[in-house]
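Engineer: Annotation source TrEMBL lists ATP binding site at D397, K398, T399, F501, K525, R556, T636, G637, D638, R734, K740, N765, D766. According to TrEMBL, the domain 'P-type ATPase N-terminal' annotation covers 37-71. The feature domain 'P-type ATPase C-terminal' is assigned by TrEMBL to 789-1037. Residues or ranges marked as transmembrane segment in TrEMBL: 279-301, 328-347, 812-839, 851-872, 902-926, 938-961, 968-993, 1013-1035.
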Amino acid sequence: MGCFEKLLTFAGLKRPVVSEFRTIYVNHKPLGSSRDQPLIEEKYPSNRIITSRYTILSFPVKNLLEQFTRVSPATSIIPLVFVLGVTAVKQAYEDFLRHRADDRVNNTPVHVISGDSMARIKAHEIRVGDVVRVHKNESFPCDLILLASSEESGECSITTANLDGETNLKTVYSVEETKRLQTVEAVCRQLRAKISCEHPTSDLYKFKGNMLLRRQRRSEKPEKVPLSAKNMLLRGAVLRNTEFVQGVAIYTGQETKMQLNSQRGRSKKSVVEKRLDRFLLCFMVFLLVESAFCTVMKWVYVSVDAGISGAWYLPSESAQPWRVVQDFLGFVVLFNYLIPISLYVTIELQKFLGSIFFEFDLEMYFEDPETGEKFRAKANTSDLNEELGQVQYLFSDKTGTLTENRMTFRMCSINGNTYCDVDGQLWLTEEGAATHQCQQLNEVELKFFTVLALCHTVRVERQKSFDRQPQQQNGVSSVTVPDGHGGFVLQQYRVLQVLEFDSDRKCMSVILQRCTDGSYWLLTKGAETSMLEKCSHGDRDAVVKHSGDFAVEGLRVLVIACKELSPALYQQMAAQLLAANQDVANREALTVEAYRVVERDLEALGLTAIEDELQTGVRETITDLRAAGIQVWILTGDKRETAENISLSAGHFDDTMQRIRIVEQQSQAGCLAEVRRGREEISAGDGGYQQAGRRYCLVVDGQSLQFLVAENSAELKAEFLALCQLTSAVLCCRCTPLQKARVVAMVRNGVEPKPVTCAIGDGANDVSMIREAHVGVGLYGKEGRAAALNSDYAFARFQFLRKALLFHGHLYYVRLATLVQYFFYKNVAFITAELFYAFHSGFSAQSLYDTIYLTIYNMTMTSLPILLFGIFEQHVHRYRLYQEPELYITIASNRLLWWRDLLIWCALGLWHSVCCHYGVVAVLAVNDQMGINATFNYGVFEFGALVVQCVMICVTLRLVLVTYSINVPTLIGLVVTVVGFILVMSVYNIIGVNFFAFNNFLWVYFDINKQPVSWLIMLVLTAVSLTPDLLLKCLQDSRNKASMKELQVPEADM
């Protein structure tokens, strides 16, 4: 690479050239046999972790840039500095805490093999290629490839709760060639290796690489050993039940999988924030128009002789361009208080404190009765609180979300016969009733239960003090089977290969070798949609029949199959897997092909039927959400019959709904025909589309869904979406994680007007759906914590969603909508008087208010009451929100922040400003002096002080009028605001120095408030100003009551 290209790369204008894979020399030693060869230094990032956002040098610039992206810089300096300063202090403190946490992690002592000995260094000093030793109960400092452990088998046990929330033990394996390198001497003297692996990715469960390994003092060619995720120890995992492990660092610092998964996802913005942006843009335009008008009027006033002849104290001016621009900017500065800068700080505080109430809600607290684990609601973000009150579409997973995810064996089908579980005993059934207990197993039944006993990845853990050995040791599994003569015999199998489950194959297999006769066996279990294609022997018809029967009862089915492998077929398959594992670039494709070759021509033995019970409160929750105007979609990977049965029992479907099914379609044309048929069926119903839509529900399977939500089928997607909008409920079964996300994206981007979507799930397969929705809710499920960690809000039970939306979401939205409009209103009421005064001051940009009022109006005079309103206001009793979910409809579609509502608030602010300004003018214009014996002379500062006090009383009482729950915090806020204003003004009134300019306010505040006429003016003007507010409140309350009567459903129909 030439100097020019290097310069472009250094400047960030060109991406650096990197190889497809990284090369790592273990312990930094080359493959050569000489011990005197120099160490190799890999050029990879250090192991230092950085979660902080700023450094000492970058903080001033970066923080200011971030602030100016949020507010307009065209504001007065003191309030701007205050707003930015408060936010900067908050963010600086938070980042300081992150720096402290980073230092604790980065300075953790670790042990590495350096040269020929063990060295103790800090975690951030680990380099890629270092051999690290980790001891029992310690966390791994970086991503490692396991070389050896204290166990002779080279295995170790870890927990990954910090990564995916799963608390069960997982086993990681070292490669056979390195598992005996358990000492420092063995590593230094015998190990020479080079690792080629993929570049860092965020996927916790995938890893591809090879190790080229050659032992010291051996002349043979280096051996190529495949590496996979089974050999990988991830940063954040903890070593358990193993004294120590030794591994080579492959990813360090910000490149570890844990850090890559810690990066923030797509930024979400609520509908309130989007509407607020439009409000601010409108007010910015109005500010510029207002400033331009005053600038024009100023020069019109100057050009008229009659206007300036009496003002002998003003110098003559000519309309020079620079002077016009200067006047325009002066008016911009004068009127910039129209833009509520402090609104952002108030919103941040309101959301943050509101999320604390969400987390402290005891009604959303859950303790698992089985494990005793305790879960409280968690707000991973506070930016979307109000979005919980705007949800129109809910997308829910089924297993673990609507159900307990507690699998209980109920029935099975073997060789055409059905069996059930009765108190732990196997009974034969006929027509659904148990007839007699099975005393003896035939050959097929024995083979069926042998597959159940061996086809799994369960690891049995026992205490070392026990004399008995675990059933699975060194790759050998044992199973006890009847010998046919009333006794039992222990059969042992050697586990050769585990073909793990994936969402494409929808099955898992194990390959075993029976120790008694050396025969090879493939044992497989999986979903019937994929398994029936793989089976060519056995009673397939019985499997199909009983699969449907079990699904109708709401049971989940799993097909069981097996076949005996010839030694030649197994060797061929093992060779294919070895070649696939060694090919890093094409490993996945070659592995799938190897699986496909062996997983065919199976013998279908039967199927199991598992029950997964509904969670408590699911039916009531779905019913209330539907009454609240939220359309519920269930997206599940289960069989259609099972999913429909669960939807029926969960209240998602009901018996009165007519079902439209789009299933087993093989093309876009077939899907389009079914969609149009469904729309015609609905349109043919009585009452047309809108009325008939209540009587229909839609069922779609994954096979058809791949065409309906495909990226290249815009017409089909639009028609499908239109059909969905005509139905009351939608059920998508046999969905893949990608299809779930595409369904959410289809509704999010396709429905007009744009709706607010919410997705809820409990497993890692729901993460893409949760991230795609406007609001993502994760449940603490039995499938780990991936959903909860990637969500916006998390709790333990589906029924808590009812309170999260209908109570918390409702109040969050109403509070914030009122808060936003109130800020615009009070600024209009305050600053419009400056415009009126400009007509009296010859448009000279003279301010009506003293600097102190401009400075503290938004910071202290009016900020605390509205903040406490945004936290504690409850306009409807909580029990009414539960009992009348229809109240949720009254705030849907951002109804409280329509332009009409903002105009009403601003009109009231304008009226209050007119009353306060011209009411004072009306009194003072006919009285050169006022007060007792007419001895008090007033000027512009006295005039402004009286106007601003009238404005403050009006805006404060206006807030009291819209408050429905006057509570202790609200009263405290009002008292603190009034007392604080009096104290601030008293201190400012008596000081002799003004920090902003020469002090013209000395004793003004006391003089004004000594005059009885001032109190009379404030009383009369307040009464006149708030009369329209009282009438409007009465009108709105009566209309709200009338609209609620229309929404309420008669009790007999509920």
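The backbone N, Cα and C atoms fix where each Cβ goes, glycine too.
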Engineer: In the same chain, which residue numbers or ranges, 6 or more beyond the ends of the transmembrane segment (902-926), come under 8 angstroms Cβ to Cβ?
Structural biologist: 279, 821-822, 824-830, 832-833, 836-837, 938, 943, 946-947, 950-951, 954-955, 958, 1013, 1017, 1020-1021, 1024-1025, 1028-1029, 1032
Engineer: Would the transmembrane segment (968-993) count as touching the transmembrane segment (938-961), if touching means at least three Cβ pairs under 8 Å and pairs must be 6 or more apart in sequence?
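Structural biologist: Yes; at least 3 Cβ pairs under 8 Å.
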Engineer: Ranking 279-301, 851-872, 938-961 by the number of C-beta pairs under 8 Å to the transmembrane segment (1013-1035), which range is first?
Structural biologist: 938-961
Engineer: Going along the chain, which residues at least six beyond the ends of the transmembrane segment (938-961) come within the CB cut-off of under 8 Å?
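Structural biologist: Distal contacts: 822, 825-826, 829-830, 833, 846-850, 853, 857, 861-862, 865-866, 869, 908, 912-913, 915-917, 919-920, 924, 929-930, 974, 977-978, 981, 1000-1001, 1004-1005, 1007-1008, 1014, 1017-1018, 1021-1022, 1025-1026, 1029-1030, 1033.
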Engineer: For a quick check of understanding: among the binding-site residues K525, K740, which residue's Cβ has the most other Cβ atoms within 10 Å?
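Structural biologist: Neighbour-count leader: K740.
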Engineer: Name, in the order they occur in the sequence, the residues of the same chain whose CB lies under 8 A from the CB of D766 (ATP binding site) and which sit 6 or more residues away.
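Structural biologist: D397, T401, P737, K740, A759, I760, G778, A787 - these are the non-local Cβ neighbours of D766 (ATP binding site), listed in sequence order.
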Engineer: Under 8 Å Cβ to Cβ from T636 (ATP binding site), same chain, six or more residues apart: give me those in sequence order, or none if nothing qualifies.
Structural biologist: D397, K398, T399, A643, I646, L731, C732, C733, R734, C735
Engineer: Who are the long-range neighbours of the transmembrane segment (851-872) in its own chain, taking Cβ under 8 Å and residues 6 or more past its ends?
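Structural biologist: That would be 76, 78-79, 82, 337, 340-342, 346, 349-350, 353-354, 357, 815-816, 818-819, 822-823, 826-827, 830, 944-945, 948, 952, 955-956, 959, 963, 965, 967, 969-970, 972-974, 976-977, 980-981, 984-985, 988, 994, 996-997, 1001.
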Engineer: What is the biggest Cα to Cα gap, in Å, among D397, K398, T399, F501, K525, R556, T636, G637, D638, R734, K740, N765, D766, the residues listed as binding ATP?
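Structural biologist: Among the residues the record ties to ATP, max Cα distance equals 24 Å.
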Engineer: Around D638 (ATP binding site), which residues of its chain at least 6 apart sit with Cβ under 8 Å of its Cβ?
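Structural biologist: Counting only residues 6 or more apart in sequence, the Cβ neighbours of D638 (ATP binding site) under 8 Å are K398, T399, R556, I646, C733, R734.
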Engineer: Including all protein chains shown, what's the count of other C-beta atoms within 10 A of the C-beta of T399 (ATP binding site)?
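Structural biologist: T399 (ATP binding site): 25 neighbouring Cβ atoms within 10 Å.
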Engineer: If you draw a 10 Å sphere around the Cβ of D397 (ATP binding site), how many other Cβ atoms fall inside it, taking every protein chain shown into account?
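Structural biologist: Neighbour count, Cβ to Cβ under the 10 Å cut-off: 28.
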Engineer: Within the domain 'P-type ATPase N-terminal' (37-71), what mean pLDDT does the predicted structure show?
Structural biologist: 64
